[in-house]
Amino acid sequence: MTRYARDVAIIAFAQTDHQRRSDELSEVEMVMPVLHQVLRRTGLRTGDIGFTCSGSSDYLAGRAFSFTMALDGVGAWPPISESHVEMDGAWALYEAWVKILTGAADTALVYAYGKSSPGEVRDVLSRQLDPYYTAPLWPDSVALAALQAQALIDAGHTDERELAAIGARSRADAAANPYAQLAGAVPRGDMVVGPLHRGDCPPIGDGAAAVLLAAGDRARELCERPAWIRGMDHRIEAHGLGVRDLTDSPSTRLAAERAGAFERPVDTAELHAPFTSQEVVLRRSLDLDSRVRVNPSGGALSANPVMAAGLIRLGEAAALIHRGESDRALAHATSGPCLQQNLVAVLEGDSHG
Amino acid sequence: MPQPLRAPLVVEFPFTRSLGPVQSAFLTGLRERTVLGVRTADGRILVPPVEYDPVTADELRELAEVAATGTVTTWAWNPAPRRGQPLATPFAWVLVRLDGADTALLHALDAPGPGAVRTGLRVTVRWAAERTGSITDIACFEPYEGESDPYEGEPDPYERERVPYEHEHEPRPRTAGGHDGRFDDPVTGIVAPARLDYDYSPGRAQSRYLHALAERRTVGERCPSCRKVYVPPRGACPTCGVATAEQIEVGPRGTVTTYCVVNIKAKNLDIAVPYVYAHIALDGADLALHARIGGIPYDQVRMGLRVEPVWTASSRYPDHYRPSGEPDADYEVYKELL
């Protein structure tokens with residue numbers, strides 16, 4: 001029983017080894033291998049794909065129209081049905097899912113990439129802020145996250161010790177993730193913008209990810225245990241930081257409600273929390289208790305290719321279901337400062353036997 | 001293979017933005033050392049003011065003055081200021097709820113160290129010496145030893161508008177000011193400069209191409225599937241979606257497949273107009289590249305014209321292409337490369 005017109009599943013997921021620099025690779029050279037991997041896993045060819053959608057931002061690497069060049073890696077000529085969002089690839093996945101729900105496609109290829117190494121990602125992200133009152137002050141991404149972290153500490157929702165423990169747990173879990181950039185015992189490091197230390201912040205790096213979606217029987221043909229999208233929704237909050245209660249994420253909660261996340265417990269949650277403090281906000285907003293595995297992949301604290309890290313949360317959650325290691329998982333993606341916009345998806349595998 | 005190339009790249013835009021009535025009043029107010037908020041239907045005052053209520057989406061137009069003093073609602077210590085930020089020495093980022101306002105404004109707080117900052121700290125605006133109508137007319141905030149928020153702990157803000165002073169029998173003013181947001185000489189726009197610096201690397205295929213060009217050779221790459229040769233190569237065949245790796249030297253001569261006449265001089269470009277910019281299919285290439293055509297009057301350039309590259313002494317790439325003197329190519333030869 002589904003709330004939507006069609007059953008749609010994530011049937012394949014691939015990601016790059018995320019690295020601090022990738023000077024030897026252009027965007028298309030970075031993306032192409034993961035596109036080929038998801039196609040190979042399902043036996044599909046480019047010509048079989050009904051819709052292609054990507055997420056990226058040219059400001060990261062400073063390369064104008066990099067997303068059109070990345071399309072070369074798909075084999076987009078003669079013209080294919082495709083689209084692009086200047087957002088995290090999780091929103092590209094959302095668009096592709098809607099496209100399939102409308103019946104306009106039965107399969108979709110979704111990919112995302114981020115090459116932060118050529119620029120200063122902390123400054124680049126400040127350019128997405130309100131241009132009248134905020135952007136002229138050049139508040140960087142760590143500064144804004146730190147304001148949220150201090151608000152959480154002041155409200156008694158966390159302390160620096162708990163934040164350090166979230167970082168440590170994430171990097172310890174990432175030791176089992178061969179694609180992670182930062183894994184194992186990582187020192188908390190110096191203060192970057194207080195109260196956040198180096199260890200509370202995501203690594204800066206380059207990477208890409210790809211996902212294949214398919215509907216109904218097509219998904220069952222192509223994947224042994226599809227990760228069915230039982231619900232998905234995304235919501236946004238006011239852009240004014242001083243208007244929001246930074247200790248809460250009502251947009252995440254509403255998206256989760258609309259995605260059906262609270263109807264039955266999930267066993268796993270992949271949360272897109274680039275900063276340790278943001279995991280605290282998300283756990284509270286999603287009512288996740290200690291029975292839920294959070295970010296077994298290590299999360300964005302272990303690899304944060306900007307514009308791909310949210311899509312990777314959906315991919316990691318789906319991969320657990322593909323492997324039979326989860327039956328019902330929540331995947332979350334975020335965009336904007338201090339968890340401004342949030343997407344929540346609920347994925348399920350069919351019962352065994 | 002040779003080292004991937006790297007080079008500095010600066011992307012810079014001066015965005016010219018117009019202001020609506022609300023933002024115009026707020027930024028003009030800052031120029032005049034007055035802080036204005038906007039009143040919502042339920043009586044809250046939003047600072048900085050927005051044109052639409054973030055909750056109800058109602059259009060907001062009623063401006064109200066608030067104080068230049070306020071209270072820190074959260075903060076973050078910035079030990080290493082970055083380019084463009086309000087202060088060059090370590091400072092605290094703060095969200096400040098100004099006295100009389102119901103929301104907080106982001107800015108910098110000048111403080112000697114993190115030990116001097118806390119949530120709840122009373123602060124006041126330090127105005128910039130020169131003010132133009134910009135958020136940076138507030139140079140920063142600084143700690144303030146004066147009285148606490150006169151509205152602290154009061155009930156619903158809408159109510160307090162209407163509670164008379166017991167001893168004055170007149171509506172209590174929200175703040176000391178009372179400016180209505182109307183100015184004789186309002187600011188109507190801002191120029192917001194944006195600059196980002198990169199250390200750019202073009203990747204494998206384009207590094208190979210650029211290395212060869214530096215040796216005055218034009219090297220394309222062949223698709224292993226459809227066998228087409230792409231110049232310049234970008235690392236993938238857009239038809240087959242596979243990597244190109246086999247390097248093929250093409251040219252140096254080629255054929256003009258199509259062209260345009262440029263009549264408007266580009267900024268910072270030292271080329272006399274009109275001039276011709278053309279698509280050129282180099283011999284052996286399956287994709288046309290583009291370049292300027294020189295050494296021939298602009299109105300004599302034509303499709304099929306045979307051309308060759310002209311290198312200048314210090315350049316890593318051809319300055320332009322000029323006629324090679326060969327007879328024009330037959331249309332049938334290049335029609336697939338238009």
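The backbone N, Cα and C atoms fix where each Cβ goes, glycine too.
Automatic prediction, not curation, is the source of TrEMBL annotations.
If you take every residue in the domain 'ChsH2 C-terminal OB-fold' (B:65-127) and average the pLDDT, you get 97. What TrEMBL records for B:65-127 (among others) is domain 'ChsH2 C-terminal OB-fold'.
Residues or ranges marked as region 'Disordered' by TrEMBL: B:164-184.
The feature domain 'ChsH2 rubredoxin-like zinc ribbon' is assigned by TrEMBL to B:212-242.
Summarising the annotation, TrEMBL assigns domain 'ChsH2 C-terminal OB-fold' to B:248-311 (among others). Counted with DSSP, the domain 'ChsH2 C-terminal OB-fold' (B:248-311) comes out as 3 helix, 30 strand, 31 coil.
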TODO: On the DSSP side of things, how many residues of the domain 'ChsH2 rubredoxin-like zinc ribbon' (B:212-242) fall into helix, strand and coil, could you say?
DONE: 3 helix, 8 strand, 20 coil
